[in-house]
Amino acid sequence: MARSKSQKIEGCSFCGRTRAEAEGKIISAKSVAICFECSKICHNLFKEESDKPASNKAPRGLPTPKQLKSHLDKYIIGQEDAKKVLSVAVYNHYKRIFKGSKRETGVELEKSNVLLVGPTGSGKTLLAKKLAAEMNVPFAIADATTLTEAGYVGEDVENILLKLIHAANGDVSFAERGIIYIDEIDKIAKKGENVSITRDVSGEGVQQSLLKIIEGTIANVPPRGGRKHPYEETIAINTHDILFICGGAFVGLENIIKKRINRSFIGFSSSSCKDTGGDNSLKYLEMEDLIKFGLIPEFVGRLPVHSYLDKLEKKDLMKILVEPENSIVRQYYHMFKMDNVDLLFEKDALDAIAEEAMLKNTGARGLRSILEELLKDVMFEIPSSKQIKKVIVTKDSVLNTNVEPLILTGRHVNKPWAKELYEINSKSN
């Protein structure tokens, strides 16, 4: 029998509380009623949904590859090929997620994970990090050298996914659209081309373990990390839309490439051969070279997009010190400015810092440690002294550990200064 329009609803349609139990706090409309407590639950659910990061949904407009590269240009010096390749790969990856459903296209678009090959300190990690920040997606870094095959002492590959979940503040659906950078991937190469009698638990075994999560699977991740236990609850995460970027130095890979190219051109004139002189042989990288190096074919197949990074020269390191928006020199300048102290560098000092990084063969990564060591005593003194107004890093202080940067108690620097000074431009002030 239908309820008459005038008939009053006596209880909450959701929880069943009567008007008396709800202390009269019930709102009704037509044939439905809701109590105050249930309305609060609904309000909180809607609020949680609206508070979710915008990246959980399709963005209004994906940055184009040119826009992504332009963003990378602000932070990374050189490495043009890697910046272009990564910009296209990231654009295509998220275009595939937000616009390329099989229902709409009739075609299932497979994801294209990326492999970056280049020396230590050439910018592999920074490229991935800056792209993730620009896309506003969670980002995690993993070290392949800590991973071992399941059942052995070490870290399970699923722990990589836990780092991404943490980066997404526990939001699994947000993490499922993130980016993972696996560093030192060359360190899990097989020990040799032939399978060893002994178990290679940190080489081929890890590659086999990584295959599924890189390709796309539902992985069960222990919430506290470590090894999985039979009765422990796990977090299920779909890796189908997670972009994996793997990087490594691959020492010796250039020789493999050169041997292959030379073998291919036996019998041809030297003028018809590819020029592999200098450090450019990595641009001719092919799958067979990676397999020869020690990566298994199945693993190489999951990383179809390749790019190379050049070894940084002294002139590149000089630019890295001062040119990017968040250059190392600019960071230290602002750090000193927080204590009301001006930081200046002799141009010869910047040259000496770049030269030292070259000698240590640490690339851009070594620049910060050189500056930290150089300025540590000054940074120790500044917070306790109101007299220090200006610090000048000289060439002598870089080259000689017994010479400290010059400390001035007044803002004025005598002119002409014996050495040319580099001063942070007004853009960074």
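Just so it is clear, glycine is given a Cβ too, placed from its N, Cα and C backbone atoms.
Positions annotated as Zn(2+) binding site by Swiss-Prot, on the basis of sequence analysis: Cys12, Cys15, Cys35, Cys38. If you look up Swiss-Prot, you'll see Pro119, Thr120, Gly121, Ser122, Gly123, Lys124, Thr125, Leu126 marked as ATP binding site, on the strength of sequence analysis. Marked as domain 'ClpX-type ZB' by Swiss-Prot on the basis of sequence analysis: 1-54.
Mapped onto this structure are the features recorded in Swiss-Prot.
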residue: Cys12; record: Zn(2+) binding site; DSSP class: coil
residue: Cys35; record: Zn(2+) binding site; DSSP class: strand
residue: Pro119; record: ATP binding site; DSSP class: coil
residue: Lys124; record: ATP binding site; DSSP class: helix
Notebook entry, point to check: Reported as an integer number of Å, what is the Cα distance between Cys35 (Zn(2+) binding site) and Gly121 (ATP binding site)?
Noted result: 61
Next item on the list: Out of Pro119, Gly121, Gly123, give me whichever of these binding-site residues has the highest number of other Cβ atoms within 10 Å.
Entry: Gly123
Next item on the list: Could you state the whole-number distance in Å separating the C-alpha atoms of Gly123 (ATP binding site) and Cys38 (Zn(2+) binding site)?
Entry: 53
Note to self: Taking 8 Å from the centroid of the Cβ atoms of Pro119, Thr120, Gly121, Ser122, Gly123, Lys124, Thr125, Leu126 as the cut-off, which other residues in that chain fall inside it around the ATP site?
What the structure shows: Gly118, Gly247, Leu309, Gly363, Ala364, Arg365
Next item on the list: With an 8 Å cut-off on Cβ-Cβ distance and a minimum sequence separation of at least 6, pull the same-chain contacts of Cys12 (Zn(2+) binding site), or say none.
Entry: Ala22, Ile26, Ala33, Ile34, Cys35, Cys38
Item checked: Spatial separation of Cys15 (Zn(2+) binding site) from Ser122 (ATP binding site) - C-alpha basis, Å -> 61
Next item on the list: Could you list the residues of the same chain, at least six apart in sequence, whose Cβ is under 8 A from the Cβ of Thr120 (ATP binding site)?
Entry: Ala249, Asn361, Thr362, Gly363, Arg365
